[in-house]
Amino acid sequence: MARKGEASAHLYGEPRKFDPKFRGPIHNRHCTDVICCVIFIVVILGYIALGVVAWVHGDPRKVIYPTDSYGQFCGQKETLNENKTILFYFNILKCASPVVLINLQCPTTQLCVSKCPDRFATYIDVQASYRYKPDQWNYFRQFCKPGFNNPRKSVAQVLRDEDCPSMIIPSRPFLKRCFPDFSTKNGVLTVANQTTFKDGGGKTRNVTDLREAANGINNVLDARSIGVKIFEDYAISWYWILIGLFIAMMLSLLFLVLLRFTAGVLFWIFIFGVIGIIGYGIWHCYWEYDHLKGIPGSDLTVYDIGFQTDFKVYLQLRQTWLAFMIILCGVEVIIILMLIFLRNRIRIAIALLKEGSRAIGYIMSTLFYPIVTFILIAICISYWAVTAVFLATSGEPVYKVMANQTLCKYANLTCDPETFNTTNVTKLCPGAQCTFAFYGGESLYHKYIFIFQLANAFVFLWLVNFAIALGQCTLAGAFASYYWAYRKPADIPLWPLFSSFGRAIRYHTGSLAFGALILAIVQLIRVILEYLDHKLKGTQNSFTRFLLCCLKCCFWCLEKFLKFINRNAYIMIAIYGKNFCTSARDAFYLLMRNVVRVAVLDKVTDFLLFLGKILVAGGVGVLAFFFFTQKIPVFAQEVPTLNYYWVPLLTVIIGSYLVAHGFFSVYAMCVDTLFLCFCEDLERNDGSTAKPYFMSASLHRILGKKKLSPKKAVG
């Protein structure tokens with residue numbers, strides 16, 4: 001036994017020297033990973049500076065307001081367009097061009113107007129009658145360029161210089177843009193009860209051409225339209241959503257209370273239910289196998305019939321049901337053998353689950369700590385989003401040549417709208433326009449916008465992981481205080497959660513930032529790989545796709561492993577106050593020395609908590625479905641009128657799951673902390689008077705031994 005213990009110690013690290021006076025989380029601590037703490041603070045200050053610079057250069061109005069062909073906002077206060085809030089397209093027929101989807105701009109002059117046209121008219125007709133019908137000209141010229149009032153100018157020159165549109169059609173504002181006012185009459189598409197119109201060039205067109213053109217630009221705006229409707233639904237139903245989330249919170253608390261008394265019952269019900277279902281599957285497979293006996297063709301093998309797209313063909317073979325029966329028998333035997341050989345481990349896992357409920361009962365404030373984490377993450381997300389928007393809207397207006405001809409060599413090249421008409425572009429590419437494209441610039445700041453966006457994303461990931469790490473370390477310290485209290489609850493320190501939070505911030509900011517940094521680097525690499533995969537899709541060869549797939553899979557596994565290591569490292573930091581690397585090493589070796597217990601506890605805990613999340617989210621979701629679909633007569637009159645009833649429904653379901661996840665994450669952290677403390681307790685103490693166990697009486701009874709030497713306790 002001594003040699004076995006020595007081998008185990010050599011494999012999983014040298015035996016640690018324990019402090020015989022240890023009585024829980026060490027209060028006499030020192031700052032850890034100071035260099036990383038300083039770097040973290042400097043990065044935060046730099047992040048704030050980046051936000052200030054982006055705020056100075058950016059303008060989020062570029063996202064909210066439509067922009068005319070000169071880069072000016074429609075409806076912007078203290079400008080000539082203050083009362084012109086709607087964008088008008090000179091020739092909406094050009095919006096059917098593929099250029100719309102490529103550049104998100106319609107290759108025609110765009111003008112800010114105060115209202116959309118309400119009649120059909122062409123410039124040719126208006127010019128011919130302006131002398132004896134001046135009202136028609138006064139109405140038409142409000143859709144011309146500001147200041148243009150020369151109806152005597154030739155039609156060819158007016159259309160060449162884009163002084164006025166060649167035609168106007170009855171339109172209505174949609175997302176602050178003028179679109180044809182379509183309607184259906186006797187199943188026929190019409191505009192103002194007309195099926196045809198004059199295009200201003202001497203041709204008569206069908207209104208279906210307008211539909212195709214409107215759809216060209218409308219495809220770009222559909223997402224915004226849906227977004228507006230979704231926002232309206234949220235504005236109407238937000239209080240009902242909050243009520244649903246409150247119900248989810250109460251159900252989560254109720255489930256945690258019941259878990260304290262029914263953890264063992266729930267687990268064994270699940271296990272025997274699985275055994276029963278698999279047993280029924282074995283019987284059903286045997287019944288199908290016996291039922292097919294003597295039926296022509298049932299004795300053929302899978303190899304004989306080859307690959308078939310219709311899976312039902314395989315169900316007509318006895319060999320298929322025999323294979324299913326053998327597989328299910330194997331699974332059944334494995335589960336039964338695991339229950340036989342791991343019964344003591346399972347009992348310990350269930351006892352730890354009950355102990356976790358008891359610990360949360362003594363430190364109820366821990367249930368509400370996820371609100372702090374949620375607020376910190378919400379601040380990080382808000383700051384990142386605002387900074388990203390300001391960075392994206394930094395710069396001066398950039399104009400590009402918009403041409404209907406795909407072979408135009410000047411297409412998509414930058415241009416100057418003031419000198420564009422003096423160039424040869426309009427001659428070589430008839431109909432080309434120098435149109436506003438986006439905001440950018442040639443300065444050093446604008447050249448590195450992409451780098452700033454990347455830095456914004458990286459620091460965002462770092463801060464989010466730090467907020468999560470702070471929560472895990474704080475909760476671990478509070479629950480460790482409970483476990484290492486010899487007399488529970490008398491020896492539990494006062495305000496354990498606040499004390500643990502203070503220790504984590506004061507002494508271990510550097511260690512938490514170090515762990516968060518490692519995880520943020522891996523997550524940023526995953527984001528870059530996803531970006532490359534999206535950009536190279538359709539152009540990459542098979543080897544490139546395989547390589548990217550392998551890299552994405554490897555870094556996904558690495559991220560999961562680092563999250564597991566970091567979580568347990570934070571627990572060790574909360575207990576001993578050592579730096580990140582030392583704590584991660586000690587946690588890893590401790591878990592490896594108790595690897596079977598880790599596996600059993602992890603699966604038992606995951607199942608019970610997942611069951612709770614599904615029950616809470618499903619129960620509240622069903623209730624919300626009946627409510628928003630007016631299936632509850634008592635509340636039928638209270639249901640708001642919605643564009644999409646699934647918007648609040650999905651919000652309630654997802655929100656309920658997140659609320660349950662927030663409460664149950666505290667429970668999972670409690671169980672993980674108690675498990676590491678339990679393993680430490682077994683290695684430190686032997687149950688004697690000199691070295692008594694700190695574990696509860698129920699765990700001590702399940703252990704089955706009054707006194708254990710440290711070496712025997714290992715494993």
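Including glycine, each Cβ sits where the backbone N, Cα and C put it.
Copied over from TrEMBL:
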TRANSMEM  31-56  transmembrane segment
TRANSMEM  238-258  transmembrane segment
TRANSMEM  265-283  transmembrane segment
TRANSMEM  321-342  transmembrane segment
TRANSMEM  362-386  transmembrane segment
TRANSMEM  459-486  transmembrane segment
TRANSMEM  507-529  transmembrane segment
TRANSMEM  541-558  transmembrane segment
TRANSMEM  607-628  transmembrane segment
TRANSMEM  644-664  transmembrane segment
Outside the transmembrane segment (459-486), at least 6 residues beyond either end, the same-chain residues with a Cβ under 8 Å of its Cβ set are 22-25, 40, 43-44, 47, 356, 359, 362-363, 366, 369-370, 372-373, 376-377, 380-381, 383-384, 492-493, 496-497, 499-501, 503-505, 508, 512-513, 515-517, 519-520, 523-524, 566-567, 570-571, 573-575, 666, 669-670, 672-674, 677-678, 681, 692, 694-695
Long-range CB partners for the transmembrane segment (31-56) (under 8 A, at least six residues beyond its ends), listed in sequence order, are 383, 386-387, 390-391, 394, 445, 452, 455-456, 459, 462-463, 466, 506-511, 513-514, 517, 573, 577-580
Per the Cβ filter (under 8 Å) with a sequence gap of at least 6 from its ends, the transmembrane segment (321-342) is approached by 271, 274-275, 278-279, 281-282, 285-286, 288-289, 292, 315, 596, 600
Outside the transmembrane segment (507-529), at least 6 residues beyond either end, the same-chain residues with a Cβ under 8 Å of its Cβ set are 29-40, 454, 457-458, 461-463, 465-466, 468-470, 473, 548, 551-552, 555-556, 558-559, 562-563, 566, 569-570, 573, 577, 579-581, 583-584
